[in-house]
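Record features, source TrEMBL:
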type     : residues : note
TRANSMEM : 16-39    : transmembrane segment
TRANSMEM : 51-75    : transmembrane segment
BINDING  : 59, 62   : Na(+) binding site
TRANSMEM : 81-105   : transmembrane segment
């Protein structure tokens, strides 16, 4: 539901880059980075919560299949530069958001 709402709200804002999908992937990457940092420190957390947050919520929010389809549509339309930019921004942005959240949350819980 959250992914759909983000797509409905943000995808119309740019013709070539589906901003709703990008937003969902970046938010999900940040949340999973935060979760991994938290879980690495809180070893007494029930594994069900780990799966619920990482696979459940983040898996439902982020969407590699939609991202892949959107890139293929851009390629079919001959928009190769936009397709490459979409790949670059989604992948690098997701890695950066996961690392940022992990770093921020690890630093905040280290004290």
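Backbone N, Cα and C atoms are what each Cβ position is placed from, and that goes for glycine too.
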Checklist entry - What residues in the same chain, six or more past the boundaries of the transmembrane segment (81-105), come closer than 8 Å to it by Cβ-Cβ distance? => result 16-18, 21-22, 25-34, 36-38, 62, 67, 70-71, 74-75
Item to check | Neighbour tally for residue 62 (Na(+) binding site), based on other Cβ positions within 10 Å of its Cβ | outcome: 22
Next on the checklist: I want to verify one value. Collapsing DSSP to three states, which class is residue 62 (Na(+) binding site)?
Outcome noted: coil
Checklist entry - Near the Cβ of residue 59 (Na(+) binding site), how many other Cβ atoms are there if near means within 10 Å? => result 14
